[in-house]
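**Student:** Okay, handing you the structure first.
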Amino acid sequence: MATERQYSPLDRLLLQADSAMRTLLPSSAHSQRPSPAVVQPEHKMSEADTRHVAGLMRINHTGEVCAQALYQGQALTAKLPKVRKAMERAAEEEIDHLVWCEQRIHQLGSHTSVLNPLFYSLSFGMGAVAGVISDRVSLGFVAATEDQVCKHLAEHLEQLPTEDGKSRAILQQMLSDEEHHAESALEAGGFRFPAPVKFGMSVLAKVMTKSTYRI
């Protein structure tokens, strides 16, 4: 029976550095699943609608950058191996979303946010701190974060132009995946954060969405 490889602290730091580079460097990550947008036709939109959709997708891309950093930070400090594995697996699944959003942004003739390195660093730090406190808090933080992401996705789906089936297909699949991640974190023993904490997280999320819509 094969034994699981044991990584040293240096190994884990190098793996985190590799993950950060794949997350932040353009076109360096690769999805496991094809984008839901590939089966949708491209319909012409007005210039204003195209700019607006690009801004929404840029927000969602940065949200996935934050998710990657959050999971990687938690995986670095998680106490139980099964929790660490769960965080690493969730990060891998989020890569699909990251790639899909980046592809759509480029199709719309726009760019990803220049603020991504800043938000990656902040999210990684918060994830690592949550992991140090306890695995229950770490899992609860995942659930609360995914709840915020789901709210943004639902709002963005309402704002999309009717003719933009490509972006809609991507966001619908992302919403389904994120709801599953939130449920899984709670089922694994995650702590349900109280309303004041969730409110504070929503304020931070608004800072991210307002700043990355254009830059």
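Even glycines carry a Cβ here, placed using N, Cα and C.
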**Student:** Which of Glu163, Glu178, Glu179, Glu183 shares the Fe cation 1 site with Glu64, Glu94, His97 per Swiss-Prot?
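**Tutor:** Of the residues offered, the record points to Glu178.
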**Student:** Besides Glu94, Glu178, His181, which of Glu146, Glu155, Glu158 does Swiss-Prot list for that Fe cation 2 site?
**Tutor:** Glu146
**Student:** In whole Å, note down how far the CA of His181 (Fe cation 2 binding site) lies from the CA of Glu94 (Fe cation 1 binding site).
**Tutor:** 10
**Student:** What are the sequence-distant neighbours of Glu178 (Fe cation 1 binding site), meaning same chain, six or more residues apart, C-beta distance under 8 angstroms?
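**Tutor:** Residues satisfying the criterion: Glu146, Val149, Cys150, Leu153.
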**Student:** Same-chain residues six or more away whose CB lies under 8 A from the CB of His97 (Fe cation 1 binding site)?
**Tutor:** Asn60, Glu64, Ala67, Met174, Asp177
**Student:** Could you give me three numbers for the region 'Disordered' (26-47), the DSSP helix, strand and coil residue counts?
**Tutor:** 5 helix, 0 strand, 17 coil
